[in-house]
Amino acid sequence: MTNKDNTVEDLEQFIAPPAAENLNLEARNLDFYYGTHQTLFNVSLPVERNKITALIGPSGCGKSTLLRILNRIYALYPQQYAVGRVLLDGKDILTDHDTLTRLKERGDNVTLDPLGDDISQIRARIGMVFQKPTPFPMSIYDNVAYGVRLHFNKSRQELDHIVERSLHRAALWDEVKDKLKESGLSLSGGQQQRLCVARGLAVEPEVLLLDEPASALDPVSTARLEETLMELKKDLSIVIVTHNLQQAARISDYTGFMYLGNMIEFCSTDRLFARPKTRRARDYLTGRFG
């Protein structure tokens, strides 16, 4: 960005991360570019194991962009690139050969981890659920089994078990167990979103990313989804982007507040909502801007 007010040096920040030994995903010093236009500035994000981390901030602040870096979805678009590091259990999943070159140009002293070139494995280990439900035009069963068939060689009996278990974990099994052959598109919006969660869970990810998953859902469906996420964090780490401050306060353990492509404040959710340290976080949480 060209306006100097948008740079890290001009923004008051407060970062209180969890203990390093408890992290299973960590973004470090990320910059992100759409062509020559920079949209993220030296952003770091620690994700603690078996916790829910929320990202909040005004529209366009970089929340969804950060989420898409974490499992390399941006790599589908050649004009987009990230510079920095993303560590999954200590292994760098961001630094492929192209990124390594950019890091060295920036002056970072890093080596190449082979995992960075295996995007398929990365996306199996870090699942993603989008804002709008995206069921595939196939049966409920095949929706859940799709990723498993793509990544693993499983028997039909094993697939049956995985599909049932994933639907149970997504709190959807009781609603669909008698119509697994019906189209996933026949489900309600809330059910479709939980189907997408089940599809992501089927490949046994370590981390689940969710980009405003309840924005199009009614209050009842939102409550069901939140209950599901609270149960799921027993088995994996969750990062959720939300514009709903009450939702972040209800379900997250840690919250990061972003503004103009910067991580302004990061700490425990209770601490951020009760005693925000930065002026911009206080103003956002009290509704002075959005």
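Just so you know, glycine gets a Cβ as well, placed from its N, Cα and C.
What Swiss-Prot records for 25-285 is domain 'ABC transporter'.
Within the same chain, residues at least six positions away from Lys63 (ATP binding site) with a Cβ under 8 Å of its Cβ are Leu55, Ile56, Gly57, Val241, Met258. For the recorded site, Lys63 (ATP binding site), the DSSP three-state label reads helix. Annotated ATP binding site per Swiss-Prot: Gly57, Pro58, Ser59, Gly60, Cys61, Gly62, Lys63, Ser64, in sequence order, evidence recorded as sequence analysis.
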Q: Compute the mean position of the Cβ atoms of Gly57, Pro58, Ser59, Gly60, Cys61, Gly62, Lys63, Ser64, which form the recorded ATP site, and then list in sequence order the other residues of that chain whose Cβ is within 8 Å of it.
A: Thr65, Met258, Tyr259
Q: Under 8 Å Cβ to Cβ from Ser64 (ATP binding site), same chain, six or more residues apart: give me those in sequence order, or none if nothing qualifies.
A: Asp211, Glu212, Val241
Q) Counting all other Cβ atoms within 10 Å across every protein chain shown, which of the binding-site residues Gly57, Pro58, Gly60 scores highest? A) Gly57
